[in-house]
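As recorded in TrEMBL, the features of this protein are as follows:
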| type | residues | note |
| --- | --- | --- |
| DOMAIN | 42-215 | domain 'NB-ARC' |
| DOMAIN | 290-357 | domain 'Apoptotic protease-activating factor 1 winged-helix' |
| DOMAIN | 365-499 | domain 'APAF-1 helical' |
| REPEAT | 523-564 | repeat 'WD' |
| REPEAT | 565-606 | repeat 'WD' |
| REPEAT | 607-650 | repeat 'WD' |
| REPEAT | 651-692 | repeat 'WD' |
| REPEAT | 872-912 | repeat 'WD' |
| REPEAT | 955-996 | repeat 'WD' |
């Protein structure tokens, strides 16, 4: 009997159920079947099993390592083909993943497939994870909840960073050619080394089983074949399979090996694949003539990609059964591998076989790829691809690859320049792979239309952070935000017009041409504020850190995440690459400084000698003697030598927090900036202070006591030659042009805003942005916006033409435009109020009312033409806001929890409503003027009648501060919004909750991107618009979202809406003005 027969016989002795159970576990887990001819390597298998037993149910790693073709995968599969091992150690089963050499997008595909396999009933999620971190979390939850005592087998690991994605407290068996790959992961580790080739006796045993001859009866040529192929299990199996069909060709196959007539595969590797190349050549030549071409077709497959049977059915225009019969012949001859997952088969080539086929059929590759595309077009249309189709994922990931390889440039451009394709692909697998394809095929796409290629690449780069989120954004709406000359915009506009006819809502950003967006890439790697970001020295990577306590590293070109490290126990304030990009330093509020390997994320050093938070860190500019400088709130600077465990030097001299430090270009000097108002220069070699410049003195008036003035020197930067240094403090920049001389010259430059530009673009200064305090008047043919900019100027903006009139140079803090835009009022930072009568072309009259003297808990109502006012005082705490009512009445609300009604003619308070225990954050008046609503920090909203001092309804259910409310025009509905991003719609007559419009997601993230700050109903009460982290429109009847407009910034405070509900105006926290119109 052969080995398989012995194996089955042994199992039958213990009863059929064991066989069924074991085989089912292995099959469902994707464990490869035994080779057709198999010889046991019992010692190695036992060693692997012993290591697996040592895991003892705890997370850990067992590594099988050795050269390519030495049988690592077969040994791993054989080790788990043991019922007692699985029953005792891994009762939840085994899960096999063929990994191979991957980039980030390829690894994501592997993780997506594994998650789909483990969650076939979709009990955890109905969509695939869109990035590696999400996939890692999904895998962790699936293993923990559904397969808590299972074994994950990772076959053919090349890179240490790949293991990070599987470092989830799992029990893992892996095969690799590099024993050090597990150095970057935590937990117990056990290693099994596999020799590169079989011993002579084992090799002869394999040949004897193939040709069904006793080992002692094998011809002499058998011994020579084992010697020539260096005992490679894969080579012996390939030649043995040939000899089984042609047992008289011993001399022929030995001669082929000895003559080395096949072209050697050249590959960047330390291994010699010469014998394997020759064996594969022989194997392919001996295939049946009628199936040789089918094997040639496999030359276009990529390494480590498992191809569904359906793809090859399309390629060969055959039924599934026919294709499987052909492929099984390849499998039987060790020319192809099969992975069975449930009912479906997936086929793949070993990477050496791919290299061999590519080299052998190089002249045919273009035609073979073209054949693949032609067949795809026969069977599929892009818009008909569905995620539930077996071959869907393959086409989304590799269709562009086949088109590019087929030299089908026209078809590739049509694909990549299609908004439909971008939507379909990013919704399924996220944007990272698509951005990668634009980079990879840029040389082809540029030839078709460089401008269009840039349009789409920029669209993906700037919206990648949105295209990776859930719920998936409307990509047509995103496209409408592109410049009108962009191909993306033109396709989006065409689609939008078609969908508007079917009742879809879309919005045009009509003033976008006045907004200059010079960003190259937008990524949101952090979940909280970002405190620092820096480029690597080669410009290929960006490191960032922030309030979420993490260090993130991502590609500068595509935004693809490379590392995410939980770096500190508190906020991370600064990060820096070393001169050779080997290390990244981080410093934190937790008082620690840490050094990380910039590639693997491994922690190299931890320094904890500072006694307060560490604010800054900076490496020397040269790598031959690497030093790190850190500055802290303990007033100290420290120098660290990475070869030492303790601080090299501590520098005393500052009398307040050190905010920033930077080495001179030659590394001889270190500059430091402090909250004590000074810039100090230190000699790096001796750590002695060389010079101190009192920056504070330049802000002092002769009458100001120096001790009363606080001047924080924030940062500094050296000129390239080290002759000058630039320092920033308050609103000035100082440039010292003679650093170590006594009579230095300081040049002062006034700046109000700093912006980072894409340096290849020529642009003018764009440092003037709007504050969020604006007023809007809607006109029949346009909109006028009165706004305050960040330097206190008052701007009147024509929303249609973009024309800006600057009305005053005063330090304006708030503004107001009369309904017929005849008058303009503003308040300045000194408490003065001024009113203009304006023709919008020039100022004709100015009334100066005078400075207000009220406290925060009272306010004044002015007759501005007479200069008279009424003083309203009764609130016990700060007045939050007010609304004018009819009949000379005014409604005010306050931090004291009350709402009051005033007669502004007499200044008397007429009604006092004790509304909430917490601050009253907003009120709204019903359109019939009989009711008002109040919302509060106590997480409730209330509906009141002006005639009663007790509420009509108390609206409970919000889990955050209820920040805003709005009545519908017919006064039958009330909408409320809270700080968790929830919008609720209530029945005014009975207080019943009708809809919860923006619930918190399962991951705990708000679907509104932040606080809901403002709400407004349409005139027919069928639609509602809300402002939060972005703008959303809701169907009031169903409570479902009709559209979302993502602003560049966040934290929208107010949405101004025209009476016909067709025009909307808001300003985000970046100072960008949005004038939106519903597309008709």
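From the backbone N, Cα and C atoms, a Cβ is placed for every residue, glycine too.
Counting residues of the repeat 'WD' (955-996) by DSSP class, helix then strand then coil, yields 0 helix, 22 strand, 20 coil. Helix first, then strand, then coil: DSSP counts for the domain 'Apoptotic protease-activating factor 1 winged-helix' (290-357) stand at 39 helix, 12 strand, 17 coil. Distant neighbours of the repeat 'WD' (872-912): 854, 856-861, 918-925, 929, 932, 934, 936, 944, 946, 949; these residues of the same chain sit at least 6 beyond its ends, with a Cβ under 8 Å from one of its Cβ atoms. When DSSP labels each residue, the repeat 'WD' (523-564) comes out as 0 helix, 22 strand, 20 coil, counted as helix, strand and coil in that order.
The repeat 'WD' (565-606) scores a mean pLDDT of 94 in the predicted structure. Mapped onto DSSP helix, strand and coil, the domain 'APAF-1 helical' (365-499) counts 105 helix, 0 strand, 30 coil.
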